[in-house]
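Participant: So TrEMBL lists the following for this protein:
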type: DOMAIN; residues: 63-524; note: domain 'Major facilitator superfamily (MFS) profile'
type: TRANSMEM; residues: 20-44; note: transmembrane segment
type: TRANSMEM; residues: 146-163; note: transmembrane segment
type: TRANSMEM; residues: 170-188; note: transmembrane segment
type: TRANSMEM; residues: 194-217; note: transmembrane segment
type: TRANSMEM; residues: 229-251; note: transmembrane segment
type: TRANSMEM; residues: 257-276; note: transmembrane segment
type: TRANSMEM; residues: 343-365; note: transmembrane segment
type: TRANSMEM; residues: 377-398; note: transmembrane segment
type: TRANSMEM; residues: 405-428; note: transmembrane segment
type: TRANSMEM; residues: 434-460; note: transmembrane segment
type: TRANSMEM; residues: 472-491; note: transmembrane segment
type: TRANSMEM; residues: 497-519; note: transmembrane segment
């Protein structure tokens, strides 16, 4: 077997071919941004009231405004400070003949018996308006959003193992075909059941592609560049949902929005076809001939030569790793191996909780963008800007202060920002300055949680060895999907207690921030190859950090076990 770290050093930790591969694979995260937060637009819930003919017929009542119609027909709920569009006053509409003598605002109320009238000034058709997912059926909208994250859960279980067993490229290619087919089907779906099924399938396939592409990027760049390209990959997600806002602004029907986003996703199929398999994975799986072929291709593009001496050094470096390392490549690993030893299990559980909280808070804040004061499209764009700003902050500080400290700080900023938003909004009433301040604190929370969610992706890839890396990302994602599944239901609590959702999100953010301090620091530590290396690292990570800070000659290509020996 060949030690890929030696080959990577010869290729250059970053070069034209790595940049090209990272940019091309990152295009997928643009698509992920389209799909993950699409419900902000395609499942938008507009203002609604009952159809009340002939009172809402402008020919019979030409002088009635929408405010007048609401006032004359719809009961006002003082608790929520809004009209209850699911009911109307129960007087006989057939007696309305152009005068208002038929109106009786003291009458009892009745559920809408002539269908619903939607405010279509923002969107001409959404999933909510087409399938009437309001009033008694409002829960179906929450279920549909939640099922998308069930799809993520399925994808994290299935494709984490698949990517480790069959390769990053094959995983990305097959799942790409799956999500593109489902996206086309979604654009033409005409039932709520099919809509839910296809959205769930899109999520499952998409997450398989996420695992394949992200892990590939982490494996192809040098240690010093992992942070930058990890953040670079995440930036495309923010760009994706910002572009989705532009699509929704130009096409106001949810079928059109979905179709256009599908067309923009098609180029990724070509990308998945032309990029070769990860050479690191090929060598780990003892597919040395293929690994050598891919490595030589990368070297040719980078205009470097992989000499016989380099190959001999790569093979010799591999021989110096313990016998357990060699045996690890012939063993089939699964997610269960993450829990077989104490130190690895503790790290895994901490990482899982961190993923769960990041997903819970991130999607809780992002999916609730429509509830913020101000314009939907502007708020969505600002959310994207805040997210990209958080990535820039991570790129600047992640290698300077380390993963665990920055992860902790980001989660604390998220939690405290959301709690501050709750407090301000409770006392805002109609004070525009306080309302604006509440939105500002929400955006601060968005900056924090966006940064921490990006960090945990990088951090997880560095915390676990090559043979378990995709499984670890998959298990972390499994936990994250629990958070995503629960988030829409927590958001729905605002219909009863307006301040409760952000309070829950804030408290969980702070808790995860504190627990993240118990994770080992991976900044400056070479990627581990085997579970034995990882277990030893978890127990002695401070020594490894000290070794990396010494910057001694020859440490760049050392394994974690070798660095421990040198110390």
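Cβ coordinates come from backbone N, Cα and C, glycine included.
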Participant: So what's near the transmembrane segment (229-251) in sequence-distant terms, Cβ-Cβ under 8 Å and 6+ beyond its ends?
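Facilitator: For the transmembrane segment (229-251), the nonlocal Cβ contacts are 18, 22, 25-34, 36-38, 40-42, 123, 213-214, 217-218, 221, 257, 260-261, 264, 366, 377, 380-381, 383-385, 387-388, 391-392, 394-395, 398, 450, 453-454, 457-458, 461.
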Participant: For the transmembrane segment (472-491), give me same-chain residues lying six or more residues beyond its boundaries with a C-beta closer than 8 angstroms to one of its C-beta atoms, as numbers and ranges.
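Facilitator: Contacts of the transmembrane segment (472-491) (Cβ under 8 Å, skipping residues fewer than 6 from its ends): 142, 145-146, 148-150, 152-153, 155-157, 159-161, 163, 207, 210-211, 214-215, 335, 338, 348, 351-361, 363-364, 367-368, 371, 456-457, 460-461, 463-464, 500-501, 504-505.
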Participant: Do any residues, 6 or more residues outside the transmembrane segment (20-44), come within under 8 Å Cβ-to-Cβ of it, and if so which ones?
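Facilitator: Answer is 122-123, 126-128, 133, 141, 144-145, 148, 172, 176, 179, 183, 202-203, 206, 209-210, 213-214, 216-217, 220-221, 229, 232-245, 247-248, 254, 257-258, 261, 264-265, 267-268, 271, 275, 301, 363, 366-367, 369-370, 376, 380.
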